[in-house]
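A.B. asks: The structure that follows is given in the form of C-alpha cells.
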Amino acid sequence: MRTEGDSWDITTSVGSTALFVATARALEAQKSDPLVVDPYAEAFCRAVGGSWADVLDGKLPDHKLKSTDFGEHFVNFQGARTKYFDEYFRRAAAAGARQVVILAAGLDSRAYRLPWPDGTTVFELDRPQVLDFKREVLASHGAQPRALRREIAVDLRDDWPQALRDSGFDAAAPSAWIAEGLLIYLPATAQERLFTGIDALAGRRSHVAVEDGAPMGPDEYAAKVEEERAAIAEGAEEHPFFQLVYNERCAPAAEWFGERGWTAVATLLNDYLEAVGRPVPGPESEAGPMFARNTLVSAARV
C-alpha cells in the first residue's frame, strides 16, 4: 500500500506501472493494424530486460498482458488512449499552444515522436530517477527530441507549479497540459491541488486533457487488494496495481474544469474504443469493470 512521501524508480512501485504501460504500447505496435506506433516503448522494456523483454518476444504466454480476459483488452486500451492524447496535442498545437506540460511524464516519448511546430517547448515533470532512465535509454538509441525538451525533476505532491515557472514556463502564453494514467495514483486532496495548479497557470487559449476514473466500491476494492497480495505471495507473475492506487472519490474532471470556465468534453473509454474499432470488454471480464469506470476528458479555455 502507498504511504505519504513514498518514492520509487522505474522498476519499483508506481514507477513499474510505466513499464507495464510501455510494454502494452510495444505490443500494440506489433499488430498488423496498430492504432498508434510508439517506436521507443520497446526500447524501454529491453533496457530493463527480464520479463519486460520476454513478453515482447512471445516467451511468456501466461503473462498478464497476454491473457484474453485482461491483457488483450489492456493493450487495446493503451493503443486507444495514446491515440486520443496524441490527437489532442495535435489539435492544441494547431490552435496555437507552444508550451506542453506532461505531468508524471513517465516513459512518455511524445517530445520525440510527435511533429511539434517550431517554437514548442515540452516540459516533462516526474521523479528524477524516472527522467534519468528515460533520457539515458533514448540517448543510447540516438533519439532526438522534436521540440525543446525541459526536464523538471519534482514530485507532484511537492511545489511543482514553482518548479515549472522556474524552468521558464510562461503562464501568460497558451499551453497544453496532460495527465495521462496519473489521477488514480493521487489521493483526492492531491488531485484537487493538481487541478488548482493547472487552472492557475493555464492562460487564455490553453488546453488540458486527463484520463479520469470513478472509484470502485470499498468492498470490491478491498477484495481486489487482497486477491493481488495473495497472488504475489504465491509467486505469481503479478505486477501490483490495486495496492498502488488511491480509491478515493473526486469531482469528475469535466465537471471540475467546467465549473471554472473551461469548455470540457468527456468521452467514455468504451465509446472511444468502439469509435476506433476496438472491442469493448464485457462486464464479466477482468478488464470490463475497470474500462466502464474510465473517461477521457479534454477541455479548452477561451
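Each Cβ is built from the backbone N, Cα and C atoms, and glycine gets one as well.
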A.B. asks: Considering the S-adenosyl-L-methionine binding residues Asp155, Leu156 given in Swiss-Prot, which of Asp118, Asp126, Asp199 is annotated for that site as well?
C.D. replies: Asp126
A.B. asks: The record names Asp126, Asp155, Leu156 as the residues that bind S-adenosyl-L-methionine; what is their largest Cα to Cα distance in Å?
C.D. replies: 7
A.B. asks: Within the chain of Leu156 (S-adenosyl-L-methionine binding site), which residues six or more apart in sequence place their C-beta under 8 angstroms from its C-beta?
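C.D. replies: When sequence neighbours closer than 6 are ignored, Leu156 (S-adenosyl-L-methionine binding site) has Leu103, Ala104, Leu125, Leu182, Leu186, Ala190, Leu194 within Cβ distance under 8 Å.
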A.B. asks: Using the recorded S-adenosyl-L-methionine site (Asp126, Asp155, Leu156) as reference, state which further residues of the same chain have their Cβ within 8 Å of the centre of those residues' Cβ atoms, listed in sequence order.
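C.D. replies: What remains near the Cβ centre is Leu103, Ala104, Leu125, Arg127, Val154, Arg157, Asp158, Trp160.
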A.B. asks: Enumerate same-chain residues with a sequence separation of six or more from Asp126 (S-adenosyl-L-methionine binding site) and a Cβ-Cβ distance below 8 A; give 'none' if the list is empty.
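C.D. replies: Result: Ala104, Ala105, Gly106, Ile152, Ala153, Val154.
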A.B. asks: What's the number of neighbouring CB atoms sitting within 10 A of the CB on Asp155 (S-adenosyl-L-methionine binding site)?
C.D. replies: 16
